[in-house]
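Enquirer: After the structure tokens below, expect a handful of questions from me.
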Ligand SMILES: Nc1ncnc2c1ncn2[C@@H]1O[C@H](COP(=O)(O)OP(=O)(O)OP(=O)(O)O)[C@@H](O)[C@H]1O
Ligand SMILES: [Mg+2]
């Protein structure tokens, strides 16, 4: 599904140039559950942002389902994103002014799904995430675990082929964290490809494969199964 | 999607009530000002443009060269109109009218004074003033007819029904038959009148001389055949007056479109050069600027609070929203805000319109139910929303999700460059307005303090009507004998408004061919005595003491200088076929504009029979309440049919300043509005800044900073902006006011302290606004703000 070759990303500030990704090569197949680990600042988030087309690389190639997308323009990227990719963030990133239901509904609005169908699909996924009873609450009224479940619901409501999760359990205690990991595992078993950045060896064990980054370069891959 | 936007917008408004209040209040005030000015501009632009044939209507102008300059003015000789119509087939109709005059009407003992003019028959065919009763074609066709307005009919008869055919008495002398009732005149026409009498009636009153080419006291209007070419017509008619007067007159003529007459009423060297149009432009500019300043508040506050929305932008983008759809979303939000503000502005406009009407001396109304008004309002709301929203929309929608979704995004400072520029713009305008207000007020004060040259107090006057002319000597005698009056003088015009001038004076030694314009008045004697003006040389005109004074004249000092600086007394001045001998020189006094230099003046004695005004110098030290009934009784005795209307010179002198006073009031109002709106914005920005720096303030306080230190730290940034605004505003204000003052020959110098005062004022106001927030932040308990981390 994903193939990147010699991917590069630099951050230039006035004094220094940081190499965030240094000729990185990585291949991820459909249906995989991959964990990305590494010390702080090694480029994990940078990689995830590029994979999610939120950011563009400075060099190298990025094939998504066989299409070169490294230099897609804004419109094409947005289009690819809304149909194929779901995001889960460490800090949940729900819109405070929208209720649980409305937050989850948002991606469907942007893909132009009809009101009636939106309702069924949002309710379906909220039920699956066991958060249906909170559908009319605002994010501030929910616990961290609940918020993250809403965020996952929003990420999957469009049935994306790929979910990118950046430290999804980073702000959660262990029991809530485990619940989130179970959810991701379920989704993966139903066929969604998942790429997850994590600092936790425990969480990484849920994945099929661990990619370890060091200074923007792969150093090692552990196959879990 | 749209519903989703509305939801978010509405919840955002409710969640931050303080900011919403500032945004909406600022916009509403700005929009109110813009709407008031808009209604006024609409009035000005539509002035006399509603006539159906307006495209073909023209007013005839004279032009001639005086003192080396080409002058144009719209009063013409009476013989001109019919000749134009006769000789030039391009001209379909012509109509002469007289100046508006006041007369007494009497219907079965019910008396009313009313103002009106005489007009030729075609007047009603050319201009769109529909009759609600009567036959337009014949309404002005014979001398003893009169067309009255709806309002006049109601006042006189209490109704407009069955009024046609009734006979009313004019000046206690003529019986006129009402031949038509005019529909209520709109306020945007220059023909404000209570009635119109036929031109033929004018001929009856003044013995039929309407064939001369020298008396430029009439307006001539023409209607061209549609399709006629103005340039060609003007080329043909240019020398009509010169030709028909056999060269006795030298005024050329031309047609000026009547639709432009109101707005473009000033000519410079023969070319229309604005006039009221300039005022309209200035006001449009000011309205636009006040609105812009209100929009700037919206821009600043929306972008200052951007991190609140940044996360939302990041999320929407990561889900697949395009920048464009986000721009749309934010624009919809600003349009919603502007809609709410627009509704409030409608209410405010409704409430403030009477005050505004007073300010502009008009009777404007809010046509709430007129579709064109509603449409204009909607467009206005939309435009305001887009203007206010475009910058925030572009700014907010360009956040990159990668930056804002890390959860650490904080905009570091409330005062970043674009916002700085916007605040500077606001205060620049505010300072310009403050300086302007001060300069205008100083200028008025300056002219008011100017010595008028005579004593304005205890001087009253009244215009001739009815029997006054016949009994003028008896009236004068009685007034003196009764002990109320110190002196009485009959003159050709009032002392407060310059009403006549002429270049037809000749004297020995006058440069050959020079056209030197003199102000002219005529008196039956006691001119200087009544006026209390100093006689510098010689004596006053006094026909009782000196029988030869019939042809005596007075000069003012300026005139004496022109004629013969050394010894003007005894000089002969040739004017209107009479040889006037100079008996005295009086001190210059202000007759015309107090802003202009005093013109040379000739005051002619009793041989010039222009008597129109009785001027009465009251004895000082007697209460007015005791004097007035005595005076009235004397007038009643000799002129019983007419009401006595006394006028006061000191009060009427003030009218000379009314236009400038209005300008000052308007400038002051706009300055105040600008300051209020700008300060609202500053207040919001300061609040935001204080909030976003609570942690920093806490740390500084823990490290030992005092409340004063912190207040200064927080206020400093804003003060810099205001100071920058003062620096930018000063030259702009100087230039603008220097320009405005050019109109006045007698004017002030713009002094540096005006800028100093305006600057200090602006700084003080800004400081108070900002300090409120800064002090609040500075005295907050640091432990609290740090724990919130
Ligand atoms: N916007 C930026 N400007 C400059 N440098 C940046 C920027 N974003 C990231 N970097 C740098 O790029 C490198 C990689 O950053 P990245 O956020 O990908 O690390 P990470 O592996 O996700 O770290 P962490 O585990 O702490 O989240 C770091 O050295 C970081 O300092
Ligand atoms: Mg990271």
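Using N, Cα and C of the backbone, Cβ positions are placed for all residues, glycine too.
TrEMBL annotations: computationally assigned, not manually curated.
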Enquirer: Which one of these stretches, B:698-717, B:718-737, shows up in TrEMBL as transmembrane segment?
Expert: B:718-737
Enquirer: Which stretch, B:21-41, B:324-353, B:373-396, B:666-691, B:718-737, tops the Cβ pairs under 8 Å count with the transmembrane segment (B:282-303)?
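Expert: Answer, by Cβ pair count: B:21-41.
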Enquirer: Take the transmembrane segment (B:21-41) and find every residue of the same chain, 6 or more past its ends, with a Cβ under 8 Å from one of its Cβ atoms.
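Expert: Result: 280, 283-284, 286-288, 290-291, 293-295, 297-298, 301-302, 337-338, 340-342, 344-346, 348-349, 352-353, 356, 360, 362, 364, 366, 376-377, 380-381, 384, 388, 670, 673, 676-677, 680-681, 683-684.
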Enquirer: Let me spell it out: take the transmembrane segment (B:718-737), skip the flanking residues so only those 6+ beyond its ends count, and list any with a Cβ under 8 Å from a Cβ in it.
Expert: 415, 420, 423-432, 435-436, 439-440, 682, 685-686, 750, 755, 758-759, 762-763, 766-767, 770
Enquirer: So, by DSSP, how many helix, strand and coil residues make up the domain 'ABC3 transporter permease C-terminal' (B:669-782)?
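Expert: Once the DSSP states are binned, the domain 'ABC3 transporter permease C-terminal' (B:669-782) shows 97 helix, 0 strand, 17 coil.
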Enquirer: Relative to the transmembrane segment (B:666-691), which of B:324-353, B:373-396, B:421-440, B:752-772 accounts for the most Cβ pairs at distances under 8 Å?
Expert: B:421-440
Enquirer: Please compute the mean pLDDT of the model over the domain 'ABC3 transporter permease C-terminal' (B:285-400).
Expert: 91
